[in-house]
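According to TrEMBL, the feature active site maps to 32. According to TrEMBL, the feature ATP binding site maps to 12-17, 54, 110-113, 170-171, 218-220. The Mg(2+) binding site annotation in TrEMBL covers 16, 54, 110. As annotated by TrEMBL, substrate binding site applies to 36, 306, 399, 529, 566, 650. Annotation comment: TrEMBL describes 366, 367, 500, 567, 568 as pyridoxal 5'-phosphate binding site. According to TrEMBL, the feature N6-(pyridoxal phosphate)lysine maps to 529.
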Ligand code: PMP
């Protein structure tokens, strides 16, 4: 849909006059989603019908207009609907508006009253504006109090990520001695002063918020038609602004080509080639559990943006926390400074992580938190005089990130060890834990680690692994007793245990932290991804008091007690405030029940693939569903197929897997599973 949303700060601000004028100047159709206060009439065949006064007003001036829903009572849309036993919704209205605008080169969607006018018990006109994503023309009645109303409205519109394209001031107060259209006379000196000051003050104050004052319409008298030319003349700059916006990229379908071209020619994506990249899809926005593509299609999200968006997208609590914090203090260095968001998030995390973890280091991404964990472990051993303990032991099939230290403990076969063999330190690997999560534990699976440690423990600073679920290294769910056994071995040899909960943390496996399946506390734990609910990057490395104190007491030659790490964006206040809101949102939600439901729906939905040609295994744990294939999948083909099915699933290697937002409804999870089943049935994995 191309055009603008025309709204006012309040009722009786004269926005229909503005829509009418713009309609004439731009040859644009005015679409009125809801019109209340209609007139009852009978048509030529004697049938009762409702006439929309705003449509009449636009047409009288020579514009074009249509009202989609008309009601008799002159009241708020939600009440008028209730009286008519109907219900309007943002999704329904947006659909109807898009259909009505289909063949139009420019539409002006006109609101009803102000921004928060309710459409139903939950949704307002502002929600409709947010859904349509059109730039907004704000009509302000020039009267006492309008500065306050205009600035509040600008803030509300901008807080929804929308552009206020400009303001139109409208003198709705009738001056005492007015010649129609003169625009200069006033009823009294005071009033004239107020109204004139409104123009200059609003231009200045709105300008500071990057909103131009596009027009100042004088009092036009009751016979607007007589002043038509004057109105159009005053509105001409507003019409030019709308035309400029129509010409901007994003409103032009053709511009999408150049966006994708630029992307293809200049931007790297994760693990892709600069010369032969995989296709990408332009996402224009997100909402709830949906990715909205620039071409108008909506996809059910199956990935939670790689484990992060557990609450879905656009969560209001998170947005409010971010907005509050960004206005107060977005970033400040952490060296020599502390702040409330860092302390409050720290407190909250220590309340919920496995007992015994007591110190936190704020890192800027998951990989960096792993780097910090590895350095902590080495510094801990050094503080005890064990200088030789500079290596790590880890099971095959692990994934801990793409920075050098993290890479060195990723799976040596699937990882990037061969490419960077000269660069990476050498660590030690044992077989991937063979025992499945849902089968009886075989103690034999710990033998290799036990034998290794018997002879080489004095080289090892720590064992590092992902608890219970190995993520990017194979989406493998192993038995919690394996983790328990490793904890005991680490204790026996005074080696630290590092649990990388970056993917599993915050409920994904059905427990708040996957370590809880084994009832253990690691010495060091990494958290990231869902920690911030998918809003921004940030992670944390936690340690026990024993680890922190031992490092803290190291003598001068061994670090002098300092933990040797300190990134620029450490403890970024915006991240901390958002993460705190995300953790609170999760804890206040019925997340256990949601994850349990997701597990059931995924089990039911993916079961038909078990034993199908090309399928090696089907497994589900918590809100993670996996179909492992016999051959590596053709990513581009499968991705395209999934998009055609209306879902966002990103397969790789031998894995088609989903981990939807916890807030996903059953029908959407079924749609994700159906898409996978169809791909298998269609032989796309053979
Ligand atoms: N550890 C695990 C278990 C992960 O899944 C990831 C990310 N996929 C990381 C570490 C690295 O985190 P980031 O991408 O934020 O650096």
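For all residues, glycine too, the Cβ spot is worked out from N, Cα and C.
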Entries of 54, 111, 171, 568 (binding-site residues) sitting next to ligand 1, with Cβ under 6 Å as the cut-off: none
Residue 16 (ATP binding site) versus residue 306 (substrate binding site) - Cα distance in angstrom: 46
Cβ neighbour count (within 10 Å, all chains shown) around residue 14 (ATP binding site): 21
Cβ neighbour count (within 10 Å, all chains shown) around residue 367 (pyridoxal 5'-phosphate binding site): 21
Residue 500 (pyridoxal 5'-phosphate binding site) in three-state DSSP notation: strand
In the chain carrying residue 54 (ATP binding site), residues 6 or more apart in sequence that have Cβ under 8 angstroms from it: 16, 19, 30, 32, 35, 65, 67, 110
Least surrounded among the binding-site residues, given as 111, 113, 366, 566, 567, when other CB atoms within 10 Å are counted: 566
Binding-site residues compared (12, 110, 500) - the one with the fewest other Cβ atoms within 10 Å: 12
Residue pair residue 12 (ATP binding site), residue 36 (substrate binding site) - Cα distance, angstrom, rounded: 13
Residue among the binding-site residues 219, 306 whose Cβ has the most other Cβ atoms within 10 Å: 219
Mapped DSSP class for residue 110 (Mg(2+) binding site), helix or strand or coil: strand
Remaining residues near the recorded Mg(2+) site, that is with C-beta within 8 Å of the centroid of the site residues 16, 54, 110: 6, 15, 19, 20, 30, 32, 35, 55, 57, 58, 65
Sparsest Cβ surroundings (other CB atoms within 10 Å) among the recorded positions 32, 171, 650: 650
